[in-house]
Amino acid sequence: MLSLIYDPDLFTLKLDFCSIFLCAVLKLNHHPFRAHFLRSCCPLFLTSFQSSLLLLNASSASPFPLILYNNLLFLYTFLPEENPEFWRSQAQKTLQSVLDRKLNTNVAKNILFFLGDGMGITTYTAARILKGQLQNQTGEETVMTMDTFPNVGLAKTYSVDFQIPDSAATATAYLCGVKTNLNVIGVSAAARNGVCKSQKGNEVTSILKWAKDAGKSVGIVTTTRVQHATPATSYAHSASRKWYSDADMPDAAKRDGCTDIASQLLKNTDIDVIIGGGRKYMTPKGTKDPEYPRDYSSRGKRKDGRNLINEWQSMKIGKVAHYVWNKTDFDAVDPETTDYLMALFEPGDLRFEAERDPNMDPSIVETTEKAIRILQKNPKGFFLLVEGGRIDQAHHAGRAFMALHETVAFDYAIAKGLELTKEQETLTIVMADHSHPVTFNGYPFRGQSILGKSPLWATDMLPYTTLMYGNGPGHKITNGKRPDIRNVNTKTKDYVQLSAVPTESATHSGEDVAVLARGPMGHLFQGVQEQNYIAHAMAYAACVGADQRHCQGQTEASVYRVCLLLTWLQNVLIGEN
């Protein structure tokens, strides 16, 4: 008996009565995977069935092949998506939900800021498909948590000196409200990359500090080291994003009075929750790492002999403060009784989600939840920055598998954030800082693996992956020919996608990035805006920062409403007497 197996990557086709029967069974039983199976299996079977009748003994008196053909044709023809009413009904429901929206003009008690580092539109879309495919769906129709945000805009990402930015310049824009130069953090564009003297007098503060000054609790959660560009910009000022510890600074910068980023983590702002990696930048040179004692690259780096972890603990005397470096101790932290938490799970950046040891390191979902539960005890609210930082690093390495799995995990963290907070009082922002030169191409079939190969081969008669890079380490042209990947599994975590131009690391790309918002004043985050606008809009929504003129009016209105209520109660009581 022939078998019907359709592999979209290899284009192999066989006929199997069992698979044919499964098409019908899945359809009739409303199996969630039926659309993918019917769309990929049945059309190919139906178009080739007539030419295969001889193979199926159609010349016999048995009418079975023709009956089977007609029934499969019926099932496939009436797939829900082929009925125009399916799309009309869906669109009407969406339209009604948009019409029913009401502006939320409350003051934002809390700000949840989710930053997907390098999560450009291509990454966002591809991760949506992967998330669905991991749940045995075709993927394209999947709804990400991010997709549910009602307010959507675009941010222009260029820096003052470059068309295409880095994470330091972008973080200074969306956290501090001013655009700056490449490679500097928490300073204006008057500062120069690597020039310590230029940063003095040009420091700019972030919304994390504005929130802290307003009495809110503040925290950072990242999958990178906590001294990396994005989290560092929330608390540090540096002419170089690479001055993680004093060992990473030139002697001239030290003589001119600049301090490393790790030491500023303790000095500049009293941060309630610090979660990420970066242990080795906090301890004296040669200090053995508790998790990797035999690994010299994981040992402490500081030349000044300071142990910043111990210093942080001594600064919290009289408070309930915990320092942890593994999941067991992290899980033991009670958020209800904890005032401060520093959790550093790796010497440097955290492991990729696909390689994370769940017994040693918590997921970004778990760290986000712990941070929120600690911070939300403050009656004045909180500001929390959550960074999916390794999306970017996976793209730099040309590893789409890793980048997309990081993005899916990031989306689950967003879902946890929404679950733990109230929309009426919490402004939640999701955005990317910049994009990457990853493309989504090749006319793949509906439901085909997002990490697979295009069914249409190139003019060199070789297949190519649906996702590939404009530049990066995946450039593998030999004697003018691309590698033949027909027998290569492109869906593994270590596969490096092909790139058009050879670079040691894939660069960033310069297109606008999405900004999604929900909660108080979420409607401020619409249209095409400069990236530095984001910080100002967040500050306006939460009534923090320098400009609070509009907040005074809200306060007076609140007092007026309270007075009216008291007057009404007084009249009621007098009437009863």
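Keep in mind that glycine also has a Cβ here, set from the backbone N, Cα and C atoms.
Unlike curated records, TrEMBL annotations are generated automatically.
TrEMBL lists Asp117, Asp392, His396, Asp433 as binding Zn(2+) 2, and of His322, His508, His523, His536 the one it places in that same site is His508. Residues of the same chain lying 6 or more positions beyond the ends of the compositional bias 'Basic and acidic residues' (286-298) and with a Cβ under 8 Å from any Cβ of it are 279-280, 307, 325-326, 346-348, 360. Listed in sequence order, the recorded positions from Asp117, Ser167, His228, Thr230, His396, His508 having a Cα within 10 Å of the Cα of His434 (Zn(2+) 1 binding site) are Asp117, Ser167, His508. For His228 (Mg(2+) binding site), the nearest neighbour among the listed recorded positions (Ser167, Asp392, His396, Asp433), judged by C-alpha distance, is Ser167.
For Glu387 (Mg(2+) binding site), the same-chain residues 6+ apart in sequence whose C-beta sits under 8 angstroms from its C-beta are Phe114, Leu115, Gly116, Asp117, Ile220, Val221, Thr222, Thr223, Thr224, Thr230, Pro231. Secondary structure from DSSP puts Thr230 (Mg(2+) binding site) in a helix. Between the alpha carbons (Cα) of Asp392 (Zn(2+) 2 binding site) and Ser167 (active site, phosphoserine intermediate) lies a span of roughly 9 Å. His508 (Zn(2+) 2 binding site) sits 9 Å from Ser167 (active site, phosphoserine intermediate), taking the C-alpha atoms as the reference points.
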